[in-house]
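Student: Quick one: the structure is below, and I'll ask about it shortly.
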Amino acid sequence: PFEAFIIFSIRHEIRRIDLHKRDYSLLVPGLRNTIALDFHFNQSLLYWTDVVEDRIYRGKLSESGGVSAIEVVVEHGLATPEGLTVDWIAGNIYWIDSNLDQIEVAKLDGSLRTTLIAGAMEHPRAIALDPRYGILFWTDWDANFPRIESASMSGAGRKTIYKDMKTGAWPNGLTVDHFEKRIVWTDARSDAIYSALYDGTGMIEIIRGHEYLSHPFAVSLYGSEVYWTDWRTNTLSKANKWTGQNVSVIQKTSAQPFDLQIYHPSRQPQAPNPCAANDGKGPCSHMCLINHNRSAACACPHLMKLSSDKKTCYEMKKFLLYARRSEIRGVDIDNPYFNFITAFTVPDIDDVTVIDFDASEERLYWTDIKTQTIKRAFINGTGLETVISRDIQSIRGLAVDWISRNLYWISSEFDETQINVARLDGSLKTSIIHGIDKPQCLAAHPVRGKLYWTDGNTINMANMDGSNSKILFQNQKEPV
């Protein structure tokens, strides 16, 4: 029989511990800040998130105990991926981002990524699922409304299943007891571990207020025991999953332990895969997800929408683009919480003020006043580069001329404010209009060959080479 072992993360490394002998070995060293872990038992794959690099990785667990063939699975548009879970039946990964307040899903290799659930999240933390029934759970330690929510693994039927927590509760770790059809979670405020049925009823307190349960983070199960990591005592412990009796410390760690998983086939029980046909796509053109009651539901990757047949995705390049300080999002016009493109966020963005796009190359352009740069990237998240970086203080206004392939912006140098132009790659930079007093906005109309900008209470116009500058409207009340 397969000998179960524990896999756990301590910030800079991932370790494994034999459940019986209690000796441990290093699986993955030299990490920045790994938080969440999960695995795909049948494919011997280990997944983890890094919240400093904002990436999701995977590697192959070898018989000898090491991890090889490490690769990045998701690397764009992550802010703080704190929760991660593997759907071992349909072959997808789900993750939750506590900064972007959304749950995303992709294939095991990171392809076909899309937003699954978004909005009305405050501090989402942990995520767990039972693909035998197509059900997904997550915790949210919203200070005013700490809760556990569930939805189908296709994103439908979202509801709060457990909310009888004290205000300020901190539902931290979350796991599934597949055989009892219960969820188990840790609460780092009341220092306890609780369990409830999948619908949130039948709650029991397993254990509370033990010396090795003083700030529990992650939780897992194996057999009749519950396992957890604790931040205050830097320990990995276990107890009976019903009574909380027989507490024993498995390992004292040198640093704070984060996630833990018990690596064993019983943690990933098998069931028929509704997406099995058509090379894992089931009835779908792209992404197949498990719905409630084990049916297949189709979903579409970013920049695509599901047609009325609910199976086929078609390209959709129309979305609402907006920026706020440390993030740029392109969202679905019909459902503005849903990202239509990969979000741009830290560390690529510090303080973005203006954004524009070039549809022909499918690129975004933005100004960052903290780094005093103009950057661009493709809407799929790749090709990020700085196009203008020198001599641009207090940069304001940005406009792409999509016909002549030029970029216009307003900036200040030596107490003088001017409108500048360069090629889209930042070359051939020159100033075309000087002596502006209080500029705010800039707009280009390449079809008419005109530039428009506001200066204090006036709206001005000029040709795109800066000639024929004149005032269009005066005495406007602070136009923006």
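Residue 1 is the first one shown; counting continues down the chain.
Glycine residues also receive a Cβ, built from the backbone N, Cα and C atoms like all the rest.
A TrEMBL annotation is a machine prediction, not a hand-curated record.
Among the features that TrEMBL reports, repeat 'LDL-receptor class B' is placed at 44-90, 91-133, 134-180, 362-404.
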Student: Please list, for the repeat 'LDL-receptor class B' (362-404), how many residues fall into helix, strand and coil according to DSSP.
Tutor: 0 helix, 25 strand, 18 coil
Student: So how many of the residues in the repeat 'LDL-receptor class B' (91-133) end up helix, strand or coil by DSSP?
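Tutor: Helix/strand/coil tally for the repeat 'LDL-receptor class B' (91-133): 0 helix, 24 strand, 19 coil.
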Student: According to DSSP, how is the repeat 'LDL-receptor class B' (134-180) divided among helix, strand and coil residues?
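Tutor: Helix, strand, coil within the repeat 'LDL-receptor class B' (134-180): 0 helix, 23 strand, 24 coil.
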Student: Taking DSSP states H, G and I as helix and E and B as strand, how many residues of the repeat 'LDL-receptor class B' (44-90) are helix, strand and coil?
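Tutor: Per-class counts: 0 helix, 28 strand, 19 coil.
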Student: Across the whole of the repeat 'LDL-receptor class B' (134-180), what does the mean pLDDT come to? Round it, please.
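Tutor: Per the prediction, mean pLDDT sits at 95 for the repeat 'LDL-receptor class B' (134-180).
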